[in-house]
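Per Swiss-Prot, the features are as follows:
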- 43, 44, 45, 46, 47, 48, 49, 50: ATP binding site (BINDING)
- 7-229: domain 'ABC transporter' (DOMAIN)
């Protein structure tokens, strides 16, 4: 890891209003993510882990505070500029795979590269190589409904890496994987981390996985704490 800060959030708070009552989900969060750093986020269900991922990745706006990527304030960008920044620099692995049902596994994985104006041939070549990495060589032409839940999640992992992102945001990436596939995910994560210097921010309940990352942070009562596992 080097000391280049990729993403930084400063004094970030997120609140919601329900029945005229203000609920504080995240309270004055400060965090820096460095180039090639791997971070796990743990905490109880409903503690705000996924909310933090959405804020950091520009999918949602903080109520107060500032989030910057390479010094550029994300929530001040136009919708189109923010989408461009996300597609070019961020990869996403959601708790639910969000694969498009009418497209093949190969086409799903290639989609972000096609949105990024890669040629169809180049995008599919990249997708094919990643699908080999995650053990889905024999599933490339299948529709998502024709493969298992674990295989769909592996396809989603491959999709997150296709644009060679600077940061991958992962929300319970091993939640639908068996032990063998979880180990393969970690090996792939480390391989990409070492070779591409990709940073990973991983929300997980998998303590074994959390222990293997550079550091672990815990959200508790809306605050972010460093956790020693």
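Here the Cβ of each residue, glycine as well, is placed from N, Cα and C on the backbone.
Keep in mind it's a predicted model, so treat the numbers as computed, not measured.
Within 8 Å of the centroid defined by the CB atoms of 43, 44, 45, 46, 47, 48, 49, 50, the record's ATP site, lie the Cβ atoms of 51, 219, excluding the listed residues themselves. For the binding-site residues 43, 46, the greatest number of Cβ atoms within 10 Å around a candidate Cβ is found at 43.
With the fewest other Cβ atoms inside 10 Å of its Cβ, the least crowded of the binding-site residues 45, 47, 50 in this structure is 45. Sequence-distant contacts (6 or more apart, same chain, Cβ under 8 Å) of residue 48 (ATP binding site) comprise 14, 25, 26, 219, 222. Along the domain 'ABC transporter' (7-229), the predicted structure has mean pLDDT 89.
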